[in-house]
Amino acid sequence: MDEDFLAAVRAQSPKSYLYSLIAQTHLGDVTAAAIITALIASGRLTAREISFKTTISLTSVKSVLVSLIQLNCLYFWQDMGKTYYSLDETGLKKIIYSGDILEHISQEYGEDEAEIIQNVLIHGHIKIEDYLKQFGGKDGGGGGGGGGGDGDGDGDDNDNDNDLTSRAEKEKMFSKLLNEGWLKTLKPFHSHHVNDIWEKLYDETLKATPRSASESEVKRQAEVQQLCKEKFLELLESSHSSSELYIYEKGYRRLNPNLVLTFNLSRFQKHCRTEAFVKLAKSRVGLVTSKIFETVLKNMENNSPELSHPFLEIPGLLSTPTDIQHFKDNMESKLVSEQKIVFTAQDVLGNYPKVLDLKGSIVAASGQLGSKRPLEDTSSTASTTTTTTTTTTTTTTAAAPTKKIKLENGESYPTATSPDFEENDEVEDDLSIIEQHLQILASKTNIRFINEVSPGKYSVPFNYLSTQVKQFHINTLIKITLGRHALRVYRCIKLLKLADEKTIANAVLINEKEVRNIIYELIKANLVEIQEVPRSLDRAASKTFYLYRQKDFVSFESLSNCLLFNMAEILSNIIEFKLEHKILLEKCNRIDVEGHEDELLLDSELRALHSLQKREVENMVRFGRTRFLWDVFS
């Protein structure tokens, strides 16, 4: 990438800086980076306008536009005989997350499922029938080989059977990934920006709604807006219709082979949210309780609230942060009323990791364990029995603890407990322990990880926890970077909402001069704002004093931009030190050298190569950690 161009995108915005580097490193074309930068700066452009702004030939621009649309990096919209293009961040975010996506799918499902996801990510979208052709099937199975003899015919039949088996297994994998939300059907409206679709629906509905002399224009527009919302939601739900997803052949239901599928980024973002919640729970309530909480979140992950909604992207529909928060709360309340994010202890019992030992994980108020392991009976009664009795009952008493049954004459003798009763007791004990862990999550900490909606039934407050996770990380960052005194001042301003230096100094017990310096650092970091309060009509500076306030929305957005810039800087460093050793890397990538580096490279070249690999790994680890924080605040 040209140094002047890199300096320009670096100064334009953090988003432009990161996305241009992602386009260059992963798409391998400077043209793609230039197009993305131009669209970020201008919003939406035609192909000819892009060619004019980037000084790239129109033919090259059009060929790259096709690739970017296929990879879900661009929207397009046709209006008045012209085609306009705008940036779609979904495709670029898929590139950023791609490594973590494949790692998670391979761990949760297997390598074959990860291979399917990898193909979908590489091509942007994929048709099921086109993918399954490589495994044979109805049209690709082939015949038995004409006059090849009986042996050849049997071999071809076996190959056809294997192909059909592989095809059926791949169809099951597609069906599983689709049902669990990792894949979604690609519809034409996915290639259009939400705002363009909304404006078209709004104009059509407004024209179809007649004016009335008895009805005000404001009320008419409100009714039109409500109708548009209903139509828009119907359009979104049309992609989940089971009649389009499945077909019936010979009484069996199978996936429609003509479906075009793409990766559902929202599903992976839900997984990232689960990880953030679990890490917060681990820091607050410990490992075992956090594992219980992780089981809860994974069970409802697919049905959990979306991190973003199309209505949030439409300008003017939800104008203030309060409206946005109210809309998110309504979405979550709807899921609770539909029982989609409601669970019980019994649901956790059937899904928690069996390697997790719950015995002794709860400590009672008296200091003793809430659930003790049963003590074995070591009374001398068994030793007084005859040798024959001892021999016959050895295996039974070793397998289970003994109970004493009292007889009419007052004597007692040990009998082995039934394995079925013992298993039921263990299940009841585990259920009781899980219930206690859920009570800890619900009410035993300052953060409510779950809500008890009714006796024995719980739900997860996703919106509340998202805010708590953001606040936890921003407090940690302030403490690490600016110091613990800065964190005290920040919390004080947040609590007081609006305060002057003297009030803050008295509250945090720090002298005013130090408080003034700390506030200056917080203002530089865009964590605190200044409120000017004039005392005279002429707003004279000598009669003006200043108050300080904090807004979460502004702080989170500013921090998100900082993290974007840091991610771009890390990628820029990787590109820079690779360019410094370009000749060495080209030599290592040669076919005759690859795999024989120890034999063909000099000692100095080997040391330089190992140093490059180490630096790249370290930078990618930093990139992953920064990206996790970006997930939290974005």
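Keep in mind that glycine also has a Cβ here, set from the backbone N, Cα and C atoms.
Feature list (source: TrEMBL):
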COMPBIAS  139-150  compositional bias 'Gly residues'
COMPBIAS  151-162  compositional bias 'Acidic residues'
COMPBIAS  378-400  compositional bias 'Low complexity'
DOMAIN    18-79  domain 'RNA polymerase III subunit RPC82-related helix-turn-helix'
DOMAIN    474-548  domain 'DNA-directed RNA polymerase III subunit RPC3 winged-helix'
REGION    139-164  region 'Disordered'
REGION    369-402  region 'Disordered'
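The average pLDDT computed for the domain 'DNA-directed RNA polymerase III subunit RPC3 winged-helix' (474-548) is 90. Under DSSP, the residues of the domain 'DNA-directed RNA polymerase III subunit RPC3 winged-helix' (474-548) split into helix, strand and coil as follows: 45 helix, 12 strand, 18 coil.
According to DSSP, the secondary structure content of the domain 'RNA polymerase III subunit RPC82-related helix-turn-helix' (18-79) in residues is 44 helix, 8 strand, 10 coil.
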